[in-house]
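J.: Pasting a structure below so you can have a look.
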Amino acid sequence: MRNFSGDHVEGFVLVGFAASPPLQLLLFTLFLAMYLLTLLENAFIVSTIWLTASLHRPMYFFLGHLSFLELWYINVTVPRLLGAFLSQNRRVSYVGCMTQLYFFIALACTECVLLAVMAYDRYLAICEPLRYPSLMPSSMATRLAASSWGSGFFSSMMKLLFISRLSYCGPNIINHFFCDISPLLNLTCSDKEQAELVDFLLALVMILLPLLVVVSSYVAIIAAILRIPTAQGRHKAFSTCASHLVVVVIYYSSTLFTYARPRAMYTFNHNKIISVLYTVIVPFFNPAIYCLRNKEVKDAFRKTVLGKCHYPRDVPD
């Protein structure tokens, strides 16, 4: 696929995973099962929160947005991963590659901001419990969620604006299972310094600023929890944010290691393995960490689906 369209190649070749056929089949089956389970988990969470009036509160409102985002996210990334095990070399058009890249960046950036919003929500719930209803009404929760989506998609548009202006004259082989920024920067035949700088600066803004909000929120949360006189009270307060903290650590660790670098460093196979972590593993465990162990969500699911009539509710967040 080395034809040209002006100063652009018509498309790219995505390189799959080099492994023995039995291992490829095993990994394909494993990731397919994880993909289907992740779809089911997130669909269950979104539908349960949507259909249950008692869960129409900011904490679960943000969880619903996160689950919907991950439904979209895994449908952008995981089918490409599965395809990498079925075919060593796959072709994708130039427009298809840029479209895939746009949604991948937009959803990843949105998740960074949404995790920060959720940390801020937990900060208000724990550190300002009496003022929480006035500080986080439904209108504020809606604005914060909309800002998360808007900032993510705007950041992606700015990155793609600079990347799409680059010329791709060949070769056109991307050593990755989906179109990502650094593999594309490696292939350009024009000056990529401006695009690299914009990518790096926006990555810092969309990753480090939300991370700063998360760290600041949890410093205040931990300080407030330590002031609670009873061990039972401290445990109850910490349990409301522990799951979020676990996901934040996993997500930001993999994201910072992968993207907060100014140089294109995606030519090695281990980068594809790292990508599997945040495209499959993290989305697979997020629903279980966040909601499926949450008594109130499980009670709502039983009441909605199994027709139960009465379940005790937890103390409001």
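From the backbone N, Cα and C atoms, a Cβ is placed for every residue, glycine too.
Curation does not apply to TrEMBL; its annotations are automatic.
According to TrEMBL, the protein carries these features:
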- 60-81: transmembrane segment (TRANSMEM)
- 101-120: transmembrane segment (TRANSMEM)
- 200-225: transmembrane segment (TRANSMEM)
- 237-253: transmembrane segment (TRANSMEM)
- 273-292: transmembrane segment (TRANSMEM)
J.: Six or more residues out from either end of the transmembrane segment (60-81), which same-chain residues have a Cβ under 8 Å from its Cβ atoms?
T.: 14, 31, 35, 38-39, 41-43, 45-46, 49-50, 100, 103-104, 107-108, 110-111, 114-115, 117-118, 121, 138, 141-142, 144-145, 148-149, 177-178, 276, 279-280, 283, 286-287, 290-291, 297
J.: When you scan the chain for residues with a C-beta under 8 Å from the transmembrane segment (101-120), skipping those not six or more beyond its ends, what do you find?
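T.: Distant Cβ neighbours of the transmembrane segment (101-120) are 59, 62-63, 65-66, 69-70, 72-73, 76-77, 144-145, 147-149, 151-153, 155-157, 159-160, 163, 178-181, 184, 206-207, 209-211, 213-214, 217-218, 241, 244, 247-248, 251-252, 255, 278.
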